[in-house]
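Listed in TrEMBL for this protein:
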{"type": "TRANSMEM", "residues": "B:6-26", "note": "transmembrane segment"}
{"type": "TRANSMEM", "residues": "B:47-70", "note": "transmembrane segment"}
{"type": "TRANSMEM", "residues": "B:76-97", "note": "transmembrane segment"}
{"type": "TRANSMEM", "residues": "B:118-151", "note": "transmembrane segment"}
{"type": "TRANSMEM", "residues": "B:187-206", "note": "transmembrane segment"}
{"type": "TRANSMEM", "residues": "B:245-267", "note": "transmembrane segment"}
{"type": "TRANSMEM", "residues": "B:279-304", "note": "transmembrane segment"}
{"type": "TRANSMEM", "residues": "B:338-368", "note": "transmembrane segment"}
{"type": "TRANSMEM", "residues": "B:389-407", "note": "transmembrane segment"}
{"type": "TRANSMEM", "residues": "B:413-436", "note": "transmembrane segment"}
{"type": "TRANSMEM", "residues": "B:448-467", "note": "transmembrane segment"}
{"type": "TRANSMEM", "residues": "B:496-513", "note": "transmembrane segment"}
Amino acid sequence: MPSDLSPHDVAARHDPVYDELHAAPEFAELKRRYRGFVFPATIAFLAWYLLYVVLSNWGGDFMSHKVVGNINVALVFGLLQFVTTFTIAWLYSRYSTSRLDPLARTLDERFVELAGKPSDGRSDH
Amino acid sequence: MNHQALTAILFLSVVALTLVITIRASRQTSGAADFYAGGRSFSGFQNGLAIGGDYMSAASFLGISGAIALAGYDGFLYSIGFLVAWLVALLLVAEMLRNSGKFTMADQLAYRMRQRPVRTAAATSTVTVSIFYLLAQMVGAGSLVVLLLGIDKENTLAVSAVIAGVGALMIVYVTVGGMKGTTWVQIVKAVLLMAGSALIVVLVLAKFHFNLSELLGTAAAESGKPGFLEPGLKYGIDATHKLDFLSLGIALVLGTAGLPHILVRFYTVPTSRDARKSVLWAIGLIGVFYLFTLVLGFGAAALLKTGVGSDVANSGGNLASPLLAEAVGGGAGSTGGAILLAVISAVAFATILAVVAGLTLTSSTSVAHDIYNAVIRKGQATEQEEIRVTRYAAAGLGVVAILLAIPARNLNIAFLVALAFAVAASANLPAIVYNMFWRRFNTRGATWSIYGGLISCVTLVFFSPVVSGKLNADGTSAALFPAGVDFHWFPLENPGLVSIPLGFFFGWLGTVTSKEPAAEERFTELEVRALTGAGAEQAVSH
């Protein structure tokens, strides 16, 4: 049965291999790089989205200003939310592939080496 | 052939196709990882499509385009909130959940906390969110099928039969096909939905010489509503409505990454990198789809009658897309119109089936895996016992949903989807985020944030105008209770503005008022596993 369900009502016992990995400089670097991207990016897109919601509510004159033809600032602003969402997703994909995945792979390989198993989950077959 | 006969034939084709898929999937399902997580063997692209199929509900397809058709620009906010929300899932949740969890949302919390309290809390919240969402979809399905097949709304037996039929189908998908069957139903639905709406979008744009400005101008003129292209038509009336809009906006953007039926989709791929890829595909797909809703909504405003008493207005906007399909196909009575109306109706039907299947599977998995096995059997149940309980739970939840949906079929329960997002944002997201990023977080913090967010959400909605006191312009009730019953004291229809901060607050308060060294110690392990995938659940190899 799943090893994360111990008979006792507590989480399963701590595996010391993880401590070793946690102390590795590669892990500190991975964590720093991951947080260095996602924290500022999250704050930025949430602030940008909230600005849009607030302007929709309280910036009527600005939002109804026509840009070209019947296309007004509100519509452009809304479409820009799509653009920024796609852009951040693409940037994160590029960043994680080049800056995060190699470190994560290295640490995962070391885990297999140290723990002598690919997973503490089980395969069903 | 009239469109109703054609629609009925296409509906039956959708049902037949999905049942064949389900039975095929059942032959490839043996263990728990197959049944709950599709063997974790779907590719990022396949799972991206399935996420789209799981996420783009009838509320998106029919509701948003209808909201734009009736309220103009204000309907567009839903599209934007529903899309931007995926960045929360991409950056903060998807990969780490894939690496640290197994089958349910609770797994990730239980990784470092006391099993029974956190699993009970997470399962309670999972089932609550799913039932709200399920009920909204089934009542929507009932009224939609009734409208599209031309069944008399007063014919209680026929409407009840439709709801029971949808419920029976979803029980079959889940109990027979498990996650593999459900995923393939969602993939097929996503393809149908994208293809069907792309076709209508091209036909609409062709009518306006592919000139967006011309489409918008005609929509504004035909709607007869001043300020149709600007924010504020629906939510700009007074300060309360503006706060409601803000509250809705926050719940939409924070709710998605806490929806249990979305979270479990991240377990169906082999690695966290595939989970990332699936969210990237989902963002592309969902983004394009919501751009389509813009054209569908304004197209409906430009080409259909949307004033008081029109079919679009009478259906609360839900018929805007199907009727638009009929109009661009050549209009009522034409062969092209009948065919397109039938096709889009069948797409809407497939949409509902795929979403209800995902919801039922998620909630019954949580009942079996978290409550039955971990809490009642203390982790001693075998896989086969657990799966059997999942099947019973799916049937049980399905029957409950049918029995609740039939009496609710004429009630205005559109608020339930917004409520589901609010609960997901207030109860689930704080626990998930704290668990991943805050070493000090512990069992009491997790249970307090889940129950605190859940209870404050449900309480605030119960005392809000959507349950009692809201009236239509003609004095009839626009709330759950009939006109004349009014016990509301909370002014907003969307509780998120208050309940989301409360969820985070209770999580903090519960944490700092208790000490749990084991949870803090195990955070080290969780963090390594979440970021590197070391020791994560492996895909099943057949």
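We count from 1, first residue shown onward.
For all residues, glycine too, the Cβ spot is worked out from N, Cα and C.
TrEMBL annotations: computationally assigned, not manually curated.
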Go through B:6-26, B:118-151, B:245-267, B:279-304, B:496-513 and flag the stretch with the largest number of C-beta pairs under 8 Å relative to the transmembrane segment (B:389-407).
B:118-151
Compare B:6-26, B:187-206, B:279-304, B:338-368 by their Cβ pairs under 8 Å to the transmembrane segment (B:47-70) and return the stretch that comes out on top.
B:279-304
If you count Cβ pairs under 8 Å, which stretch among B:6-26, B:76-97, B:187-206 touches the transmembrane segment (B:413-436) the most?
B:76-97
Two-stretch contact, the transmembrane segment (B:448-467) and the transmembrane segment (B:76-97), at least three Cβ pairs under 8 Å:
no
Contact between the transmembrane segment (B:76-97) and the transmembrane segment (B:338-368) is defined here as three or more C-beta pairs under 8 Å separated by at least 6 residues; is that satisfied?
no
Going through B:118-151, B:187-206, B:245-267, B:279-304 one by one, which has the most CB pairs that fall under 8 Å from the transmembrane segment (B:496-513)?
B:245-267
For the transmembrane segment (B:118-151) against the transmembrane segment (B:279-304), do we get 3 or more Cβ-Cβ pairs below 8 Å once near-sequence pairs (under 6 apart) are dropped?
no
Near the transmembrane segment (B:245-267), which same-chain residues lie under 8 Å Cβ to Cβ, leaving out any that are not at least 6 residues past its ends?
36-37, 40, 47, 50-51, 54-55, 74, 77-78, 81-82, 84-86, 88-89, 92-95, 97-98, 101-105, 125-126, 129-130, 133, 179, 183, 235-236, 275, 278, 358-359, 361-363, 365-366, 418, 420-429, 432, 492-498, 500, 537
